[in-house]
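A quick write-up on the structure given underneath.
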Amino acid sequence: MDASTLFKKVKVKRVLGSLEQQIDDITTDSRTAREGSIFVASVGYTVDSHKFCQNVADQGCKLVVVNKEQSLPANVTQVVVPDTLRVASILAHTLYDYPSHQLVTFGVTGTNGKTSIATMIHLIQRKLQKNSAYLGTNGFQINETKTKGANTTPETVSLTKKIKEAVDAGAESMTLEVSSHGLVLGRLRGVEFDVAIFSNLTQDHLDFHGTMEAYGHAKSLLFSQLGEDLSKEKYVVLNNDDSFSEYLRTVTPYEVFSYGIDEEAQFMAKNIQESLQGVSFDFVTPFGTYPVKSPYVGKFNISNIMAAMIAVWSKGTSLETIIKAVENLEPVEGRLEVLDPSLPIDLIIDYAHTADGMNKLIDAVQPFVKQKLIFLVGMAGERDLTKTPEMGRVACRADYVIFTPDNPANDDPKMLTAELAKGATHQNYIEFDDRAEGIKHAIDIAEPGDTVVLASKGREPYQIMPGHIKVPHRDDLIGLEAAYKKFGGGPVDQ
């Protein structure tokens, strides 16, 4: 596409050079800029990428978007704008032909449950033989092909490229995990959503948002800004068991479908039965009551299942068809995932990293603990420490607790575990500044019949260490290796 055409919708301060050049790529990553690319520089929290403009020029890039004029060769066109990232969104959606308009787009937000609900929607679509894509904490997936990702919600250009990739692969729908960071930072500008789903709101990310009010406002942006295509039917799915849903009703102009277990809602779960093999319940709807069975464990997953079913139903699939699909869904990686049921202990990994998430996790597993519940939890570095003692208190619902760091980054691991220990309500806990050693200790003290829960990371494949270096780490692999060494079995499948 000709650059002059691309910039027709952009208000610029000035253009230094010519826009008469062909463009086939947009990037905010200086390492990928080349001839035919537009490089969009920005001032980030830690890095100002304007300093890489000379690098991209050396790589053959002939057009940069900047917030102030740079010292560059005369053959490099500079487009000076007030807000480079807002312009990046406009350019990306224009160049890639507004990809979110070309499929059904589901957006899932909330403190806990985003990954589970988003994955369930994707898996239901696949059971219905529909081409589907997913993007979130567990990476990027088109049908069954997976690649890893860095952020729950990528920056705006990368996000648009992923949606375009899904469209080109024939995806009929795409489900996005929508983070509060992504909403505030404008990463979702220009994305056309068809259905927005809310799970819950509890304390998290106050290191970024400052207050719960600001955090809640960030979440609400999804529901007030579903897009500009008024010809499409759009819906909002809210959890009535969370009081924040009342506020979300006031900010959205779209039709709302509510679900709940404890509070009255349009769609409800009654007569709940739970086991470590899954859940069953009566799904009470405006159209009748349906029996539902699912392999997912825990009462909180019933809420997630309802949210996913309603979202898919809202776009025209019958509930009977969806319920049949739900019976045979694959596990959501790293979410209340039981590792190797042949072991004499129940070894479980989960992503729960807030007090609310941990409470729900313990509620789910405690009824099925045969002997002791051993619970390992970590606290992330450079994050909101005000929530940490409460996490420690909740963890002490278990018989024995292990406190570790989780992505300590530049914080002292001993400080992080000490913050968790401030909330301890009994003395049956131990602190490890090395998470891997903490996991090995959990297995070492476990006896047949015990339940070992490794919380806060799920299948996250790294630890963020000093200097923000990512070191390979997998809770599931470390736990299984230690369990096979003690109890026999294996080998660990890498």
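Residue numbering: from 1, along the chain as shown.
Note that Cβ sites are derived from N, Cα and C of the backbone, with glycine treated the same way.
In Swiss-Prot, the motif 'L-lysine recognition motif' annotation falls on 406-409 of the listed ranges 22-25, 70-73, 406-409, 490-493. One way to see the shell of the ATP site is to take the Cβ centroid of Gly110, Thr111, Asn112, Gly113, Lys114, Thr115, Ser116; the remaining same-chain residues with a Cβ within 8 Å of it are Val108, Ile117, Ser199, Asn200, Asn304. Mean pLDDT across the motif 'L-lysine recognition motif' (406-409) comes to 95 in this model. For the motif 'L-lysine recognition motif' (406-409), same-chain residues at least 6 beyond its ends with a Cβ under 8 Å from one of its own Cβ atoms are 353, 377-382, 416, 435, 456-457, 462-466, 468. Its Cβ placed at the centre, Gly113 (ATP binding site) has 26 other Cβ atoms within 10 Å. Under a cutoff of 8 A between CB atoms, and with a sequence separation of 6+ in the same chain, the neighbours of Ser116 (ATP binding site) are Tyr296, Asn301, Asn304, Val332, Arg335. Under the three-state DSSP scheme, Lys219 (N6-carboxylysine) falls in the helix class.
Distance between Cα atoms for Thr115 (ATP binding site) and Lys219 (N6-carboxylysine): 15 Å, as a whole number.
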